[in-house]
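The following features are taken from TrEMBL:
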- A:12-37: transmembrane segment (TRANSMEM)
- A:43-63: transmembrane segment (TRANSMEM)
- A:84-111: transmembrane segment (TRANSMEM)
- A:131-149: transmembrane segment (TRANSMEM)
- A:161-179: transmembrane segment (TRANSMEM)
- A:191-213: transmembrane segment (TRANSMEM)
- A:225-247: transmembrane segment (TRANSMEM)
- A:295-317: transmembrane segment (TRANSMEM)
- A:347-364: transmembrane segment (TRANSMEM)
- A:370-389: transmembrane segment (TRANSMEM)
- A:410-430: transmembrane segment (TRANSMEM)
- A:445-470: transmembrane segment (TRANSMEM)
- A:502-640: domain 'UspA' (DOMAIN)
- A:652-779: domain 'UspA' (DOMAIN)
Amino acid sequence: MSAGDQELARDLGFLEAYTIGLGTMIGAGIFVLPSIAAKQAGPASMVSFFFGGMVSLLAALSLSELATGMPKAGGSYYYVNRALGPFFGSIVGWGMWAGLTFASAFYMIGFGQYFLSGLGPYIPFLAESEFGITVAALVMAAMLTGVNYYGVKETGSLQNVIVLSLVGLILAFLTLGALSGPTIGEFNPSGWPAVAATIGTVYVSFIGFEVIATSAEEIKNPSRNLPLAMIAAVVTPTLMYVGVMWVSTGTLSIGALDASNIPVADVAAEFLRGFASAIPFVSVSPGALSTAGSIAMIVGAVLATISSANASILSAARVNFAMGRDKILVEWLNEVHDRFRTPYRSITATGIITLVLIAVGAGIGTLAEVASFMYLVTYALVHVAVVVLRRAEPADYEPTFQIPSVLYPFVPILGALACLAVLFQMIVTFEPMVLLGEGVVGVEIALPFTISIVGIIGIGIIAAGIAWYYTYARDRAPSQSLVGDAIAPEPAAATGSDGRYRVVVPVANPETERDLLRMAAASAHAHEDDNAELIAVNVIEVPQQTSLSQDVAFEEERVERQQELLSAARDIAAELDIGLRTRAIVGRDTGSVILDVIEEEDADHVFLGWKGSRSTREHVLGSTIDPVVGRASCDATLVKLGPEETPGEGDVMVLAGEGPHAPVAARRAAEFVTTAGEDATLTLLNVQQPEDGDEDQSPEDRGEALIDDLAERAGIEYMQYDRQIVVAEDIEAAILEAADNYDTICVGATRSGPVTQAVFGSVPETVGEEVDRTVVMARGPEESTMSIREAIARRLSV
Amino acid sequence: MSDTLFSRVIVPVASIDDARATTRALASHVDSVAGTVVAVHVVEKAGGAPDKASVEQRERDTEEMFDIVRAQLEGYDVNLETEILYGTDVAETIVEAAHEMDASSIVFTPRGGSRWIRLLAGDVALSLISESDLPVVVLPDEPEVEDG
């Protein structure tokens, strides 16, 4: 059942992912920009579009790697925040939000132009005026906000129909336009600097492929479909844009294009005149044909601008959500509407900012350039994030798509430099800027260069992001930047605690309490030299809406049960001859309470019981277990109690695998056996595949070597233990079969770090779930990330 | 009759408020037969178009609903299971899941709402009643009892 559910949660195949990206990219860009681009750079603006596409292709490669490594909502913001910490996270989060709202405003004005200027001649009451265009843009933006607020259902088939019609329309435009024989005049009338500057203007057309990364968690088979969809969604419009510029500048003069509010429709109208005589059997007047072509392009433009703006508003909500999750933004903004199931506050906020941007009349070119600016900053940092993550190698980052090794450092380096180069020429023009006129103090103060309006707005938004970080986010969002680890990738040395060995044991079930405490005590006994003690914790969970004190007053029964549970724990500890303290806590969330206790007590080990079934998609092992095991800074052990009477005694078996935590599991097993005394035995089991590795060594020899190595790493060579080596094709099945011969099975985590897909790794979890014995899953301490300063210090000291 | 109807009920919850109201109306019925409640929430998928909110966000929201169901069923002799479902058609997804989970009936409380809102949000209740080939029990929304 749940397997089928997961399939449905991922409901985007290659075609859907591609059309979502393409639908956002064939927006206002292709319909509106030809006029602006032609004015700035003439026919050579097709070179600008081509380079814009190249910059995006590099970004698409880096983004694909990040998105398959961390398929989480929030796209680029999430990756940058994870890799570079909340300082850059704040910049990119606010930058993306700003970029998406400026882009939405740009799309909406493009919509207004086509709707009024385009249909005006045919529907007389739609008078073309600047004011009218602004009003049309405002009305449409408000409608889109409303549609997304109420969550009116869109379907994939509608999306596909719109995108495929647009592609067909543009292909027809290109084919007929090419057949009409466009004649390019002077290719580069404004010079190459203007061509470079135009890259910044048209880059807004390329921000759409980000939407694919934002939807990464919904894409089927992401390792294949995600990079393919991204690359295809960049390459297709790049070719189309270049073609459209060629046809447009070849059909109309630069002056005519510049003057047009509906350039693509005017171009179609122009070249279609020549085709009237070519139509067989029916006679069509040139005027009628050109009108039909023009109207087709207008309808296309209206659909395209709406679909782009819609995708931007939804993307903005996801960036907001991701920022709220990382505590960089107030969670209030992300509340899901009770009935419509939409993040209505975030959508409303995005809508209002978009309306304001349209209303202030910033100019369509400026809106486009600011959106481009914010995304170029974002992608520059995305490239840096790839390098940092590759070097820091956090345990939960296992991208299934990687930038091919021949391209590796070049793609992110070249990509980041390309973004910065475009940004630089957007900010600075080399004309002197007079700051203070000669008339005031007699001396003229001037800068040798001018900072553009777009540069000022863009830098202002970045500054706002930085100010936000220092005033709001810094105290709330813990720094988890991996830059330090990237500079000095060696693992940090484990630090010693204050001397007392403390084991935290959350207890909740009176039936299993005794066994759990006994096994935890076995582990504590092994550290008797360190004054070992147990800390039994029980948490009464109180829902968000009731106050903590109020709830406890009403829930005498639960409090009473808690007291019974903890007093039983004290009795058991006395029997076991181990020091025990109890803590009764009332809290919102058991998982985070336990993490707090571990922190406060400076615990060395947390020992949890588990019922033994994997839960649904949202949690791997359980809502309490996942966060504790995923984030606890100390050793963590999870025990599923088997049916036999004294778990942790009798025949104990350890899986001797190559996992990083196998020695920890072996240590746990040894502790149980030592405490149980004479009756207990210890076995190290290794499973080998028959044809694996080199030929010189038999599978048995390999297994022997591995077991010896493990015993040494675990420091249990002094003990008596048996070895068992199984040679089998199917490792998992062999493990499950062998496990039946023992009373207790110990398994080390196969992964380390706070992971999203599995807490201990798939093999340990399968053993935990399938084996009808006591199963112990163990992992060592979690390494916390290094700060940049620590990392540089470590580098220098080597 | 009611023995079999409430022995294993699948309970779609649509929101936090709905979770609260439905559980309140339901608890005593299932309690009296020591039955099982399978609380489900359907994360609605657009099936190829961008969703209105990210899956992760809606899954978190669902957990909050389940927490409320869990808290309200405490003290009753009721076995609770929870499951997040995904589908483009909410009613159809619930009916299919009910079959797979071997449910004895589908139980919900009506959520009211104007015609306009029903039109926009889709009327899942009506589709459930008309599409289900399993018993559907509509429980009246009991007003909240103020205690103390």
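Cβ coordinates are placed from backbone N, Cα and C, and glycine is handled just like the others.
Long-range contacts of the transmembrane segment (A:347-364) within the same chain, counting only residues at least 6 positions beyond its ends with a Cβ under 8 Å from a Cβ of the stretch, are 32, 36, 97, 100-102, 104-106, 108-110, 113, 130, 134, 137-138, 141-142, 144-145, 148-149, 309, 313-314, 316-317, 320, 333, 370.
The stretch in A:43-63, A:84-111, A:191-213, A:295-317 that contributes the largest number of Cβ pairs under 8 Å to the transmembrane segment (A:445-470) is A:84-111. A:84-111 is the stretch from A:84-111, A:161-179, A:225-247, A:370-389 with the greatest number of Cβ pairs below 8 Å to the transmembrane segment (A:131-149). With DSSP classes pooled into helix, strand and coil, the tally for the domain 'UspA' (A:502-640) is 66 helix, 34 strand, 39 coil.
For the transmembrane segment (A:43-63), the list of distant contacts is 37, 75-76, 79, 184-190, 192, 194-196, 198-199, 201-203, 205-206, 209-210, 213, 227, 230-231, 233-235, 237-238, 241-242, 245-246, 249-250, 376, 379, 382-383, 385-386, 403, 407, 411-412, 414-415, 418-419, 422: same-chain residues at least six beyond its ends, Cβ to Cβ under 8 Å. For the transmembrane segment (A:370-389), the partner stretch with the most Cβ pairs below 8 Å, chosen from A:12-37, A:84-111, A:161-179, A:191-213, A:225-247, is A:84-111. If you look at the transmembrane segment (A:12-37), the same-chain residues 6 or more away from its ends with a CB under 8 A from one of its CBs are 45, 48-49, 106-107, 110-111, 113-114, 156, 159-160, 162-164, 166-167, 170, 198, 201-202, 204-209, 211-212, 215, 218-220, 224-226, 228-230, 232-234, 236-237, 240-241, 244-245, 248-249, 257-258, 260-264, 267, 297, 300-301, 304-305, 307-309, 311-312, 364-365, 368. Residues 12-14, 17-18, 21-22, 25-26, 29-30, 33-34, 37-38, 43, 45-46, 49-50, 52-54, 56-57, 60-61, 63-64, 67-68, 167, 170, 173-174, 177-178, 182, 184, 202, 205-206, 208-209, 212-213, 216, 219, 264, 267, 271, 401 of the same chain sit 6 or more residues outside the transmembrane segment (A:225-247) yet have a Cβ under 8 Å from a Cβ within it. In terms of DSSP helix, strand and coil, the domain 'UspA' (A:652-779) has 52 helix, 29 strand, 47 coil. Here the transmembrane segment (A:84-111) has Cβ contacts under 8 Å with residues 27-28, 31-32, 75-77, 133-134, 136-138, 140-141, 204, 207, 210, 301-302, 305-306, 308-309, 312-313, 315-316, 319-320, 322-323, 326, 328-329, 350, 353-354, 357-358, 362, 364, 367-368, 370-375, 377-378, 381, 384-385, 388, 461-462, 464-466, 468-469, 473-474, 477-483 of the same chain, all six or more residues outside its ends. The transmembrane segment (A:161-179) shares more Cβ pairs under 8 Å with A:295-317 than with any other stretch in the list A:191-213, A:295-317, A:410-430.
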